[in-house]
Amino acid sequence: MNYLVTGLYIVAFALFIYGLMGLTGPKTAVRGNLIAALGMAIAVGATLIKIRHTDQWVLIIVALVVGVALGVPPARWTKMTAMPQLVAFFNGVGGGTVALIALSEFIETSGFSAFQHGESPTVHIVVASLFAAIIGSVSFWGSIIAFGKLQEIISGSPIGFGRAQQPINLLLLAAAIAAAVVIGVHAHPGTGGVSLWWMIGLLAAAGVLGLMVVLPIGGADMPVVISLLNAMTGLSAAAAGLALNNTAMIVAGMIVGASGSILTNLMAKAMNRSIPAIVAGGFGGGGVAPSGGDGGDKTVKATSAADAAIQMAYANQVIVVPGYGLAVAQAQHAVKDMASLLEEKGVAVKYAIHPVAGRMPGHMNVLLAEAEVDYDAMKDMDDINDEFARTDVAIVIGANDVTNPAARNEASSPIYGMPILNVDKAKSVIVLKRSMNSGFAGIDNPLFYAAGTTMLFGDAKKSVTEVTEELKAL
């Protein structure tokens with residue numbers, strides 16, 4: 001029977017990897033997700049077979065039923081615009097689960113000192129359990145704060161303690177590690193372990209650290225933060241699997257941890273920032289802009305829905321540049337309707353997607369896919385940037401800093417060096433915004449004052465709908 005369990009685990013691991021490969025492209029993403037889910041189902045089945053002679057399988061069945069009952073409804077009912085919140089919440093649940101597993105192991109073994117048959121706990125079991133406890137707790141509470149910021153329960157602006165922020169974080173990390181060392185030193189048979197309060201203190205210090213790390217991070221840095229927290233949850237799950245001698249948890253956790261780490265690094269590079277700089281906070285705040293320009297002419301040219309419709313109707317190519325404002329206004333369906341009408345008039349329409357636009361990795365892709373935008377029309381920054389110079393109209397919908405030419409032209413700008421979409425190279429630009437407030441970097445955008453740029457103020461969905469109505473009249 002052990003051979004059967006091992007074989008099922010191997011099949012599950014293969015499906016995990018094959019499913020992950022499917023997630024690399026939008027056309028295969030749904031299939032990849034289903035394949036990975038099948039792999040997890042097989043892994044759970046293998047675990048049930050492995051413990052069939054104990055009464056633990058009953059608890060696992062109950063946990064599965066409760067998990068399905070609590071997990072399926074929000075996954076089905078959550079709108080695509082709220083998907084970042086759902087991802088943050090589910091990620092937090094994973095981290096919290098790992099922390100509870102570590103706590104359970106601590107209690108069951110009397111502080112890692114009373115293993116079965118009087119065995120001495122191996123170093124890797126104790127270290128893995130404590131690592132899982134710290135990282136899982138950080139991930140859980142960090143994800144809760146990320147959820148609160150995305151849901152606007154908590155301000156999306158940075159909330160911190162100024163210069164004291166990093167010393168406080170280091171003190172909390174030191175406290176968690178110190179508690180782990182004390183627990184580890186007493187993890188021997190006959191010592192009786194240490195008091196439960198040491199483990200509670202470890203989890204508390206790590207939890208507060210999770211809060212303190214995410215609170216100073218602005219809402220627009222959330223794509224990187226969510227990816228980082230996801231990687232941490234994966235690594236903590238792998239550590240818990242090592243402590244429990246559960247191969248499925250080790251492999252699944254390492255896959256999530258590795259992929260999350262790679263994605264985090266790629267997204268940080270897309271912002272021309274280091275991961276430590278993002279975790280340190282202080283960028284991503286929003287608010288009213290200080291000037292990012294050279295103090296020149298700050299006059300903007302407002303336009304109307306009718307004029308915008310005329311510009312686009314007689315263009316050869318239009319590039320749509322979506323940002324967080326599109327998600328807030330839930331304008332993706334209105335944009336799709338406008339694009340379809342333009343295409344009927346013979347206008348080529350493409351979508352320029354910046355890697356960190358929105359509030360989670362792939363946020364804009366998800367929203368546009370929900371509106372049934374053709375995947376082939378969605379272009380990554382590297383693929384679309386050269387086309388702006390040949391484009392008649394670029395229409396920017398709720399994107400700000402990812403279109404700011406100061407990142408390319410002004411060495412004194414906070415975002416200097418960050419790769420941007422070359423919107424300013426288009427023949428004409430239409431920017432849809434509610435107001436002249438700045439983006440997450442808190443700086444002005446010279447694009448708004450450029451000679452070829454006009455501003456269409458108002459709610460993005462309402463403005464796009466009005467443009468569509470004007471297009472119908474042409």
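Residue 1 is the first one shown; counting continues down the chain.
Quick reminder: no glycine exception, Cβ is built from N, Cα and C everywhere.
The following features are taken from TrEMBL:
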- 8-469: domain 'NADP transhydrogenase beta-like' (DOMAIN)
- 6-25: transmembrane segment (TRANSMEM)
- 32-51: transmembrane segment (TRANSMEM)
- 57-74: transmembrane segment (TRANSMEM)
- 86-103: transmembrane segment (TRANSMEM)
- 123-147: transmembrane segment (TRANSMEM)
- 168-189: transmembrane segment (TRANSMEM)
- 195-217: transmembrane segment (TRANSMEM)
- 224-244: transmembrane segment (TRANSMEM)
- 250-268: transmembrane segment (TRANSMEM)
Criterion met for the transmembrane segment (123-147) and the transmembrane segment (224-244) (at least three Cβ pairs under 8 Å): yes
Chain residues in Cβ proximity to the transmembrane segment (250-268) (below 8 Å; excluding those fewer than six residues from its ends, i.e. six or more beyond): 9, 13, 16-17, 20, 40, 43, 223-224, 227-228, 230-242, 274-275, 278, 355-356, 361
Intrachain residues whose Cβ lies under 8 Å of the transmembrane segment (32-51), provided they are six or more past its termini: 1, 4-5, 8-9, 11-16, 18-24, 57, 60-61, 64, 246, 248, 252
Contact between the transmembrane segment (86-103) and the transmembrane segment (195-217) (at least 3 Cβ pairs under 8 Å, separation 6+): yes
Non-local residues, at least 6 beyond the ends, that sit with Cβ under 8 Å of the transmembrane segment (224-244): 84, 87-88, 91-92, 94-95, 98-99, 101-102, 105, 124-125, 128-129, 131-132, 135-136, 138-139, 142-143, 146, 214, 217, 250-261, 263-264, 267-268, 271, 275, 278-279, 356, 359-361
Residues from the same chain, set at least six apart from the ends of the transmembrane segment (195-217), whose C-beta lies under 8 A from its own: 99, 102-103, 106-107, 111, 130, 133-135, 137-146, 149, 154, 158-160, 165, 168-169, 172-173, 175-176, 179-180, 182-183, 225, 229, 278-282, 284
Averaged pLDDT score, the domain 'NADP transhydrogenase beta-like' (8-469): 86
